[in-house]
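One structure is given here, and the rest of the page talks about it.
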Amino acid sequence: MGKEKVHINIVVIGHVDSGKSTTTGHLIYKLGGIDKRVIERFEKEAAEMNKRSFKYAWVLDKLKAERERGITIDIALWKFETSKYYCTVIDAPGHRDFIKNMITGTSQADCAVLIIDSTTGGFEAGISKDGQTREHALLAFTLGVKQMICCCNKMDATTPKYSKGRYEEIVKEVSSYLKKVGYNPDKIPFVPISGFEGDNMIERSTNLDWYKGPTLLDALDNINEPKRPSDKPLRLPLQDVYKIGGIGIVPVGRVETGVVKPGMLVTFAPTGLTTEVKSVEMHHEALTEALPGDNVGFNVKNVAVKDLKRGFVASNSKDDPAKEAANFTSQVIIMNHPGQIGNGYAPVLDCHTSHIAVKFAELITKIDRRSGKEIEKEPKFLKNGDAGMVKMIPTKPMVVETFAEYPPLGRFAVRDMRQTVAVGVIKSVEKKDPTGAKVTKAAAKKK
């Protein structure tokens, strides 16, 4: 068993009928961790319901249905392997929480797989102003998904079938759009596939012998290995805080950057409470250190439950410790707000694990969301489809960072009226020093 394969997260994006479920289902079916017995059960049910046509999509439909009914699906079902990577498919965008998940960073994707419907009419619907192809691509780029693979799907249903001309037309148009969003199309493989028939998914297809590039599986294998940010200073947003008899207080969260280890002095922002880490554990096993991506619990000394809350951020006291944000400037894209957003708007921001109302104190500029260039200074308002720079002031103590330095703490969703009305990334933060920050006895000894 040579070296462990690297884990990567893939997000599958594209218009509603582009064939995302079929394509993803196909990969999971052929390369994945779905038990053959489960597949046979699904196949039998599909046949009984005359659902032959849904060959692979129903694999996902069943998984989704079981998940939504609260049957916990073994997450291994959403995984598949290439020769180089273990791939996890994180929520495909049909899911209403997808945008929120993508932003709050429960799932940072390393690569986006954009599925395009190549059929007559299908492609045009997806790429049109109202189509989701553009919005998903823009979101992926804004949220820092640097790598992309583009699949020209349904090649078995073009006119004529497997049409090279149609493929070239699509590559040209999608490239020009992706370039406007900010991607470099020369670095994006455009793979003609049929998620349904299986052409160029895993094996090279004779139906598409004019195409000399990689299959989808090859393209996934060629993804650049993501750099995990373990060399950055520690940032660990708290998800929960437990009091465990005989042990004490155990904050729990995911290491986003840096490392945490026993004996380390940590400072919790926004309050500035400083203490020593006694032990770190993951899945009930003690660790000598936890790395980015690890969900851990760690035991801290001389701390009361009331001192820590979800949304607080643990950091290394001696290496750029996290602090409360007095205010910050963000680039936001308004996605679905029925009216106009002006100065004084105060929605809730979901950023890492915090969920805090923030005031839009000042609309600084309106920018062209395609080119990123400034269109207007101090606009009176922003409306659907607009992008702008906004100065924001939290209504309660909050910890955020710039997207450039600490990506998971620098992107957010703006929630209002029970939906995501905007998304954004933080460009700069003005921090304030904590007043009367408590240093525990254990920490004072270590200093």
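Every residue, even glycine, has its Cβ placed from backbone N, Cα and C.
As written in Swiss-Prot, here are the features:
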type	residues	note
DOMAIN	5-230	domain 'tr-type G'
BINDING	14-21, 91-95, 153-156	GTP binding site
REGION	14-21	region 'G1'
MOD_RES	Lys55	N6,N6-dimethyllysine
REGION	70-74	region 'G2'
MOD_RES	Lys79	N6,N6,N6-trimethyllysine
REGION	91-94	region 'G3'
MOD_RES	Lys187	N6,N6,N6-trimethyllysine
MOD_RES	Lys261	N6-methyllysine
MOD_RES	Glu289	5-glutamyl glycerylphosphorylethanolamine
MOD_RES	Lys306	N6,N6,N6-trimethyllysine
MOD_RES	Glu362	5-glutamyl glycerylphosphorylethanolamine
MOD_RES	Lys396	N6,N6,N6-trimethyllysine
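Most Cβ neighbours within 10 Å among the modified residues Lys79, Lys187, Lys261, Lys396: this distinction goes to Lys79. In the predicted model, residues of the region 'G3' (91-94) average a pLDDT of 54. According to its DSSP assignment, Met155 (GTP binding site) is helical. Comparing Asp17 (GTP binding site) with Lys79 (N6,N6,N6-trimethyllysine), their Cα atoms are 22 Å apart once rounded.
Neighbours of Glu362 (5-glutamyl glycerylphosphorylethanolamine), defined as other CB atoms within 10 A of its CB across all chains, total 15. Within 10 Å of the C-beta of Lys20 (GTP binding site) there are 27 other C-beta atoms, taking all protein chains into account. Among the modified residues listed (Lys79, Glu362, Lys396), Lys79 has its Cα nearest to the Cα of Gly14 (GTP binding site). Taking all protein chains in view, 7 other C-beta atoms sit within 10 angstroms of the C-beta of Lys306 (N6,N6,N6-trimethyllysine).
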